[in-house]
DNA sequence: ATGACTCCAATGTGGAGA
């Protein structure tokens, strides 16, 4: 089975591209971030015609996450329970597979703006709350996949300019420590389970021909639990949609698990 | 370069993203 994650930077603007991508890549589940629309405007019907059900968690203007799936998603949770977060950043649900229940957690992690900002402090709190929740989620759901736009470049090789950007947002030690703390829960970066091309990124700035010059960051990730690790067959970044007219600034990441 | 590009809310221009 295949699970994908894609920050589409407005589902209103990108719906046609999402449908085209799904037609070419009929994954079992697609996790979206930055819907930028309220739930009453979510395009359930267009997605249903494409063969996907959706659990959405949106808000006006900013944020918003959804899980699209070919088969029903159950036990859906919106945001980290008890977190009182006013921003729509997490949606989770369970898919029943031939190998048992698979818990899927989709996050639009806080950007954090700058290391000395209030938004960065919020990012740190948010990451801690996610970590604390996932610790218990993993006990309840040994087969768990955490996907999303993490807004963290975990290592220097995940940035086009690790020296020039050292200590700036996405590159700070605090953010990387949080990423490592997620791995320490018993999660594995699916992309790094395989040999990958150098300079592999999932996001490129719209400005200054960022994509054309491959000045990007690898900040969209798929983490799999220990129980799922032996099942992972591949993990790839699909750069093709970034070449579309009016693209999202992020590319989809896809993991393939043994059937 | 407090930039660049894109989206949103809104019709002025600024916030936010990363």
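Here the Cβ of each residue, glycine as well, is placed from N, Cα and C on the backbone.
The domain 'Endonuclease/exonuclease/phosphatase' feature in TrEMBL is assigned to A:4-250.
Here residue A:220 (site 'Important for catalytic activity') comes close to A:5, A:6, A:7, A:148, A:149, A:150, A:202, A:203, A:237, A:250, A:251, A:253: these same-chain residues lie at least six apart in sequence, with C-beta atoms under 8 angstroms from its C-beta. The site 'Important for catalytic activity' feature in TrEMBL is assigned to A:220.
Sequence-distant contacts of the region 'Disordered' (A:239-259) (same chain, six or more residues past either end, CB-CB distance under 8 Å): 1-9, 13-14, 17, 21, 25, 27, 30, 98, 145, 147, 149, 190-191, 201-206, 211, 220-222, 224, 228, 231-233. Positions annotated as region 'Disordered' by TrEMBL: A:239-259.
Residues or ranges marked as active site, proton acceptor by TrEMBL: A:250. Mapped onto three states, the DSSP output places residue A:250 (active site, proton acceptor) in strand.
Per TrEMBL, the feature site 'Interaction with DNA substrate' maps to A:250.
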